[in-house]
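*Asks:* Could you have a look at this structure, given as structure tokens, before my questions?
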Ligand SMILES: Nc1nc2c(ncn2[C@@H]2O[C@H](COP(=O)(O)OP(=O)(O)OP(=O)(O)O)[C@@H](O)[C@H]2O)c(=O)[nH]1
Ligand SMILES: [Mg+2]
């Protein structure tokens with residue numbers, strides 16, 4: 001199930017079918033979400049992409065710059081076939097998917113930091129995000145206005161990156177002006193602010209300013225945008241999704257050369273597709289030689305999850321089959337803490353089995369008989385796809 005809400009307005013559950021039609025409408029519910037912010041020039045397809053991701057027409061998408069003024073916020077369930085199969089085996093009464101929240105904001109323009117366009121105040125909404133998706137226009141459609149009156153994706157990227165860096169520089173300058181004696185009171189924050197001031201002034205993103213882990217932690221509350229993980233959503237025509245050519249292929253390799261991660265999407269096409277009944281959607285995709293997992297949206301959601309360095313583990317029983325997000329490399333007690341903070345404190349041990357082994361065994365008791373359920377302690381690094389039963393003293 002998909003939910004949509006508009007910033008500061010009443011929460012509006014969407015009645016549309018789920019993304020790629022795999023989430024089960026009747027049994028899912030909303031859980032706390034990791035936030036992803038969409039940034040880019042005006043009229044590049046941010047709101048179309050937002051609508052496609054949510055399977056809705058919630059965000060107004062139209063052919064004029066600054067169509068979006070107030071941010072749109074919505075939550076997308078992360079479809080997971082492994083969880084669907086576990087839920088089926090356990091005859092779970094409900095299935096709870098992990099979620100990602102998307103925030104669609106106004107377009108940024110050249111000199112936004114000087115007040116051009118709508119300025120850059122609305123970037124405050126991106127400061128709270130865990131991940132940034134930078135939407136870049138490659139589609140050539142002459143009927144859609146480009147604010148720079150030309151199609152040049154790499155030049156567009158440079159404009160946005162400069163504006164994001166200037167917005168971060170503004171944050172650092174405000175911090176320095178507000179706390180004159182930062183050096184004495186918060187030496188780590190002071191050291192970070194000095195490095196950032198120097199780096200951002202020299203045209204580097206905050207992520208390239210060589211902050212130590214402690215320094216990153218000290219400036220976390222500033223929500224520096226160029227310190228966040230970023231993915232480029234390359235917005236192209238639908239016939240480019242399976243095998244890109246021309247300008248789309250050039251951009252993909254230029255980003256790869258820069259060590260950046262680009263995902264091909266076709267925002268307009270995929271937003272139209274997302275509101276079709278699932279059967280029609282599959283027919284349309286078939287026509288293009290695509291499977292649902294080859295759509296830009298599927299790839300973008302998965303890439304977001306990877307870029308956030310997350311894995312999924314599961315809990316499964318008759319009441320509920322549920323996927324949980326966990327930072328890769330986290331230990332079993334931290335996984336318990338995702339479910340309930342008390343569970344981390346009172347963790348004793350974890351019974352663990354890989355999701356496909358549990359399916360193969362036919363259930364927990366059969367898996368136990370075969371000796372497939374492992375007993376793991378505090379030092380166990382949770383693996384993607386683990387099904388876990390926590391034993392706690394809570
Ligand atoms: N041909 C084509 N048109 C697209 C594509 N994506 C978006 N558009 C069109 O471009 C126009 C702008 O799309 P929006 O989604 O409103 O763009 P936006 O980035 O949210 O724009 P602002 O809110 O003004 O910043 C609309 O007319 C869309 O239909 C695409 O992949 N191909
Ligand atoms: Mg918009």
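Sequential numbering from 1, following the chain as shown.
Quick reminder: no glycine exception, Cβ is built from N, Cα and C everywhere.
Dumping what TrEMBL says about this protein:
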- 43, 44, 45, 46, 47, 48: ATP binding site (BINDING)
- 34-285: domain 'OBG-type G' (DOMAIN)
- 309-392: domain 'TGS' (DOMAIN)
*Asks:* Could you check what DSSP calls residue 45 (ATP binding site) once collapsed to helix, strand or coil?
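*Replies:* The three-state answer is coil.
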*Asks:* What is the three-state DSSP composition of the domain 'TGS' (309-392), stated as helix, strand and coil residue counts?
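*Replies:* The domain 'TGS' (309-392) comes out at 26 helix, 35 strand, 23 coil.
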*Asks:* With the Cβ under 6 Å from ligand 2 as the test, give me the qualifying entries from the binding-site residues 44, 45, 46, 47, 48.
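*Replies:* Going through 44, 45, 46, 47, 48 in sequence order, those close to ligand 2 turn out to be 46, 47.
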*Asks:* Once near-sequence residues are set aside, which residues in the chain of residue 44 (ATP binding site), 6 or more away, have Cβ atoms under 8 Å from its Cβ?
*Replies:* 107, 135, 136, 137, 156, 235
*Asks:* Looking only at Cβ atoms, how many others are within 10 Å of the one on residue 45 (ATP binding site)?
*Replies:* 28
*Asks:* Which number gives the other C-beta atoms within 10 angstroms of the C-beta of residue 46 (ATP binding site), all protein chains shown included?
*Replies:* 31
*Asks:* Inside 10 Å of the Cβ of residue 43 (ATP binding site), count up the other Cβ atoms and send me the figure.
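*Replies:* There are 22 such Cβ atoms around residue 43 (ATP binding site).
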*Asks:* Give me the mean pLDDT over the domain 'OBG-type G' (34-285), rounded to a whole number.
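*Replies:* Result for the domain 'OBG-type G' (34-285): average pLDDT 89.
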*Asks:* Setting 43, 44, 45, 46, 47, 48 aside, what same-chain residues sit with their Cβ within 8 Å of the center of the Cβ atoms that define the ATP site, listed in sequence order?
*Replies:* 40, 42, 49, 61, 107, 135, 137, 235, 267
